[in-house]
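These features come from TrEMBL:
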TRANSMEM  B:12-29  transmembrane segment
TRANSMEM  B:60-82  transmembrane segment
TRANSMEM  B:94-113  transmembrane segment
TRANSMEM  B:133-158  transmembrane segment
TRANSMEM  B:187-210  transmembrane segment
TRANSMEM  B:240-260  transmembrane segment
TRANSMEM  B:266-285  transmembrane segment
Amino acid sequence: MSALLEVEGVHAGYGPVNVLEDISLEVGEGQTVALLGANGAGKTTTLRAISGMLKPRGRIRIAGHDVTGRATERIVKLGVAHVPEGRGTFAPLTVEENLRLGAYARRNGGPDLERAFTLFPRLGERRHQRAGTLSGGEQQMLAIARALMLQPRLMLLDEPSLGLAPNLTRELFKVLRQVKEDEGTAMLVVEQNANLVLEFADAAHVLETGRIVLSGTADEVSADESMRKAYLGY
Amino acid sequence: MERFVETLIDGIATGSIYGALALALVLIYRSTGIVNFAQGELAMFSTFIAWGLVEAGIPLGLAILLTLAVSLVGGMVIERVLIRPVEGGQELTLVTVTLGLFILVNGLARWIWGSTNRGFPSLFPDGSANLVGIGVAWESLGLVAVLLGVVGVLWLVFQHTTLGLAMRAAAVDPAASRLVGIPVGRMLMLGWGFAAVCGALAGVLVAPRLFLDPNLMGPVIIYSFAAATLGGFDSPFGAVLGGWIIGVAEALAGGYVDFIGQDLKILVPLGVILAVLLIRPQGLFGSPEVARA
Ligand SMILES: Nc1ncnc2c1ncn2[C@@H]1O[C@H](COP(=O)(O)OP(=O)(O)OP(=O)(O)O)[C@@H](O)[C@H]1O
Ligand SMILES: [Mg+2]
């Protein structure tokens, strides 16, 4: 049985600029994998390559399908929900419309708005408000809630806690943990808050200038000397 | 008084035609940010297709329906073939492409149909209905009804269907739309298709009042630009209301202001465009350009 997401020897970049060098990683069904690294290391670029926003070289397989170079909207159909850096919510559309769009590529059943409002009650209170008028933290919750509307098999989360107050960050990770346990959704999480994500991840990779320099279980990576100095600060 | 009311109604009727073409401009501008200078020419071409079908013995109503279907497909093909390659390009490139399309379509129509004037039958019966003592031409009622019908259908599609929601999303943020699985290219094609349908309607509605020739839409497109500018280039309701206001202003100026008369009333839309650009560039209902951090 092969992993849900397999990235093999991927190179990718922007125009003539190459950013990723020979990236390989796997995310198993229901597994949570953290992607760590300094600013500019290539974490966002890795997620973009996986969801088809960039055309990578190498090989990317999702649920056994070779999706290298496939259009984003077709990759989404395989159950891949990418919450991009900077959220990507539709500002002029309402909270409810944003959520319904999250279910656009779902194959079975209509959008389950009530579930989203149960997970994020604040969004329920604001369902008819335009997304652009939400606070930054609320927009971040909307972005996550919208991704969950797909009932994804794999979530790509790019700094989900960016701009959230500490208590909201904890709440958010609680929701993610709940989704993971209830639905077995696999996740590839980019996060600056390494402590937090390592607590909840199964495995982790550390990127440095476009290369993976350290891989292992979450415990192994947290215990690594150089890693601790560089990213965990103790 | 009666003459005033008649002028007013006449203006609203004519304005409905401007509104339909303005709606076409707005549909494309909203979805792709392109001002389609060729919209009028596409409408003229559609009208010739309807004329050809009628000449071939097809009843007018059916001919128009077929024309709308052909226009839908034609608009989509034009987006895919001509516009897609320059999508997201520089403003000047886009303007050049739609101006090129203008010349291409106009030339093609001349080549196929020549430049002789032809008559085009009206969808509506002659004569007028008596509304509270005022005779209102069936044509006027028909024009307003068609425009309201089009707006109603568009509103239903955009506000109450998943397709419409996806089209709005694609217009707002193409990258984020792809991430939720929306085939953005197909949405843009549909936007051009819908626009071509609105334009075709404007064409077959205005043709009976004028003569059908390749310059059919020349004056109409200027009034429609004024209507869209006045209403706000990204607001469908603005386009309709703008169409009516321009139509009424034109009728009043032509009928009441002696030195303007029939010859100079083209100054009305130009004056409106200038005034709007100076005073309220986003138009009555448009959203001002906002840069959000
Ligand atoms: N659109 C772009 N065009 C050109 N270069 C880019 C673009 N986006 C990112 N880069 C470059 O690619 C490299 C990796 O960027 P990336 O966004 O993947 O970093 P990151 O690890 O996500 O960083 P951060 O933690 O700051 O979000 C950087 O050197 C960046 O300058
Ligand atoms: Mg990043």
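Cβ coordinates are placed from backbone N, Cα and C, and glycine is handled just like the others.
Automated prediction, rather than curation, is the source of TrEMBL annotations.
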For the transmembrane segment (B:187-210): best-contacting stretch of B:12-29, B:60-82, B:133-158, B:240-260, B:266-285, by Cβ pairs under 8 Å:
B:60-82
Sort out for me which stretch, of B:12-29, B:94-113, B:240-260, B:266-285, has the most Cβ pairs below 8 angstroms to the transmembrane segment (B:133-158).
B:12-29
Mind checking which residues reach the transmembrane segment (B:266-285)? Cβ under 8 Å, same chain, six or more beyond either end.
219, 222-223, 225-233, 235, 237-238, 241-242, 246, 249-250, 253, 260
